[in-house]
Amino acid sequence: MICLGLEGTAEKTGVGIVTSDGEVLFNKTIMYKPPKQGINPREAADHHAETFPKLIKEAFEVVDKNEIDLIAFSQGPGLGPSLRVTATVARTLSLTLKKPIIGVNHCIAHIEIGKLTTEAEDPLTLYVSGGNTQVIAYVSKKYRVFGETLDIAVGNCLDQFARYVNLPHPGGPYIEELARKGKKLVDLPYTVKGMDIAFSGLLTAAMRAYDAGERLEDICYSLQEYAFSMLTEITERALAHTNKGEVMLVGGVAANNRLREMLKAMCEGQNVDFYVPPKEFCGDNGAMIAWLGLLMHKNGRWMSLDETKIIPNYRTDMVEVNWIKEIKGKKRKIPEHLIGKGAEADIKRDSYLDFDVIIKERVKKGYRDERLDENIRKSRTAREARYLALVKDFGIPAPYIFDVDLDNKRIMMSYINGKLAKDVIEDNLDIAYKIGEIVGKLHKNDVIHNDLTTSNFIFDKDLYIIDFGLGKISNLDEDKAVDLIVFKKAVLSTHHEKFDEIWERFLEGYKSVYDRWEIILELMKDVERRARYVE
C-alpha cells in the first residue's frame with residue numbers, strides 16, 4: 001500500500017509518499033519565508049495554495065499517481081487558514097484519484113516517523129517546534145501529555161526574540177550560531193512547574209537584557225542555556241515518573257545541536273537510550289503524515305469526507321491509538337546502590353543515631369551550564385529543607401530533617417517505609433481525599449508546591465508529602481490555580497482510567513479545608529482556557 005501525505009499546519013508545505021513497509025519514496029518541503037518578520041496566517045495559507053500543486057506534480061513524477069492507495073493530511077493542530085488549504089487539497093486529490101482519505105494528528109505524526117527512522121520502540125518523547133512544546137508518552141491506548149508549555153512554544157520564544165533583535169526567520173539557527181560565541185551567563189528566569197514549563201518570562205527578560213546593552217552573543221547563549229535546560233529538566237522529570245527506557249527528540253527545534261547535547265547527557269546520566277530522527281524528518285514533512293495515515297488505515301480507521309473537518313486545537317491525547325498492539329520498550333533501571341533516582345537527586349538509605357534515614361543528594365547535571373547548575377541545586381536543597389520543616393506547623397506529615405549540607409547539596413531526612421501514592425491511589429481513593437486536604441492546607445498558608453504529582457506523596461499509616469524543591473510562598477490565586485493544574489494533568493496522564501474518581505475525591509478534600517476553593521477553581525478554568533490546545 002502506498003500513501004501520499006500532505007503537511008500544512010503552519011509555514012511549511014510538505015508532500016511525502018511512503019509505502020506500508022516504511023519506505024519513503026518522496027519527501028519534500030517548501031518553507032514560507034515572510035517578507036517581514038513573523039508569520040501571517042493568511043499569507044502562509046496562500047503559500048500552501050501556491051506550493052502544493054508544485055510539490056504534488058513533482059511527487060507524481062517519482063511515483064505514478066495511479067499507484068497511490070491512500071491520501072493522508074494534517075488535520076491539526078495548527079493555523080486555521082493553513083489547515084483549511086491542506087484539507088481542501090487532500091479532499092480534491094481523494095475525489096480526483098478516487099482514493100480513501102484520512103486526517104491525522106500532526107504531533108503524533110512526528111512521534112511515529114521518529115520511531116520509524118530510529119530504533120526507538122516505546123520512547124518518552126520531547127516534541128519541540130515553533131507551535132508546540134510537549135513531553136509525551138504512550139500509556140493505555142493513547143499518547144498522553146505529561147508536560148507542556150503553559151504559554152508559548154520554545155520555537156516561538158526563539159523566533160520572537162530573533163525578530164526583536166532583527167535576525168531573519170526562522171530565528172533558531174541564527175540564535176544557535178550566535179550562542180557559540182557567547183561566554184557570559186546573563187541572569188534570566190528559570191520557570192519549571194512540575195513537568196510543565198513557561199517561556200514568556202524568559203523571552204521578556206532576554207529582550208530587556210538586549211535593551212540594557214548586553215552582548216547579543218551572550219544573550220543568545222543564555223537564552224538557549226535556560227530554555228533548553230528547562231526542557232531537559234521536564235523531560236527528566238517525566239522520565240522519572242514514567243520509568244520509560246528511551247527518550248526521543250522530535251520537531252523542528254530538534255535540529256539544534258545544543259539541545260541534542262543536553263538531552264544526550266541527561267539520558268546517559270539516567271542510563272536510558274536517546275534517539276533523534278534524521279534532520280529531514282525532524283521538522284514538519286509530508287512523509288510523517290503519510291506514515292501515520294498508513295498506520296491508522298491498516299488498523300481499521302476510515303474517514304468520510306464529513307469527518308475531514310480541520311481541528312486547529314487537536315490535542316495529542318484526543319487520539320485513540322489503535323495501531324500499537326504490544327509494548328516491548330525498555331524500562332529505566334535504578335542503580336543497585338540507590339533506593340531511588342529522581343529527576344534531580346540520587347536517594348540512598350542509611351542510618352543515623354539508630355534512626356533509619358535517607359540521604360538525598362542533588363547531583364551535578366552535566367547538561368547544564370555549571371554556573372546555572374550550581375545555583376539551582378543549592379537553592380532547591382535549601383528550599384526543600386525549609387519547606388519540609390515549615391509544613392509541619394500546618395499539621396501536614398512530612399519527613400524529619402536531620403542534616404542539611406548545602407556545599408554538597410545533600411539532605412538527611414527520616415526514612416518513610418511506605419509506598420508512593422502513584423502505586424496505591426487507584427485502589428484506595430481515600431488517598432486522593434487526603435492529598436486534597438494537604439494541598440488545601442498548603443494553599444491556606446500560601447505555600448505553593450509547584451510539583452504536585454502522585455509520585456511526591458508517600459503512604460504509610462499516614463500520607464506524607466515530599467520534594468519541595470520547586471516550592472515557594474505566594475498569596476496569588478493564580479499560583480494556587482496552576483498548582484492544581486499541575487496535579488490534575490499528572491493524574492490525567494498517569495491515572496487516566498480512574499481520573500474522574502481521583503479528581504473528585506481530591507477536590508472534596510481540598511474544599512474541606514480551604515474556604516477560597518471556589519475562587520481558585522474558577523481561576524483554574526480560566527488558566528486552562530489560555531492553554532495552547534483545549535478541547
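For all residues, glycine too, the Cβ spot is worked out from N, Cα and C.
What Swiss-Prot says about this protein:
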ACT_SITE  Asp451  active site, proton acceptor
BINDING   His106, His110, Tyr127, Asp284  Fe cation binding site
BINDING   Tyr127, Val128, Ser129, Gly130, Gly131, Asp159, Gly172, Glu176, Asn256  L-threonylcarbamoyladenylate binding site
BINDING   Ile339, Gly340, Lys341, Gly342, Ala343, Glu344, Ala345, Asp346, Ile347, Lys360  ATP binding site
DOMAIN    333-535  domain 'Protein kinase'
REGION    1-323  region 'Kae1'
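Ser129 (L-threonylcarbamoyladenylate binding site) has none of the recorded positions His106, Lys341, Ala343, Ala345, Ile347, Asp451 nearby, counting only those with a Cα within 10 angstroms of its own Cα. A straight line from the CA of Gly172 (L-threonylcarbamoyladenylate binding site) to the CA of Ala343 (ATP binding site) spans 27 Å. Mean model confidence of the domain 'Protein kinase' (333-535) amounts to 95 (pLDDT, 0 to 100 scale). Put simply, Gly131 is the one of the recorded positions Gly131, Asn256, Ile339, Asp451 whose Cα lies nearest to the Cα of Asp284 (Fe cation binding site). Listed in chain order, the extra residues whose Cβ falls within 8 Å of the Cβ center of the ATP site residues Ile339, Gly340, Lys341, Gly342, Ala343, Glu344, Ala345, Asp346, Ile347, Lys360 are Ala240, Leu338, Glu361. Take the binding-site residues Ala343, Ile347: by the count of other Cβ atoms within 10 Å of each Cβ, the lowest one is Ile347. Cα to Cα, Ala345 (ATP binding site) and Gly131 (L-threonylcarbamoyladenylate binding site) are separated by 32 Å. Here the CA atom of Lys341 (ATP binding site) lies 16 Å from the CA atom of Asp451 (active site, proton acceptor). Counting only same-chain residues six or more apart in sequence, the Cβ atoms lying under 8 angstroms from the Cβ of Asn256 (L-threonylcarbamoyladenylate binding site) belong to Gly172, Glu176, Gln224, Phe228.
DSSP assigns His106 (Fe cation binding site) to a helix in the three-state reduction. Spatially, by CA atoms, the binding-site residues Ile339, Lys341, Ala343, Ile347 include one closest to His106 (Fe cation binding site), and that is Ala343. With respect to their backbone Cα atoms, Tyr127 (Fe cation binding site) and Ala343 (ATP binding site) stand 19 Å from each other. If you draw a 10 Å sphere around the CB of His106 (Fe cation binding site), it holds 29 other CB atoms from the protein chains shown. When the alpha carbons of His110 (Fe cation binding site) and Gly131 (L-threonylcarbamoyladenylate binding site) are compared, the span between them is 13 angstrom.
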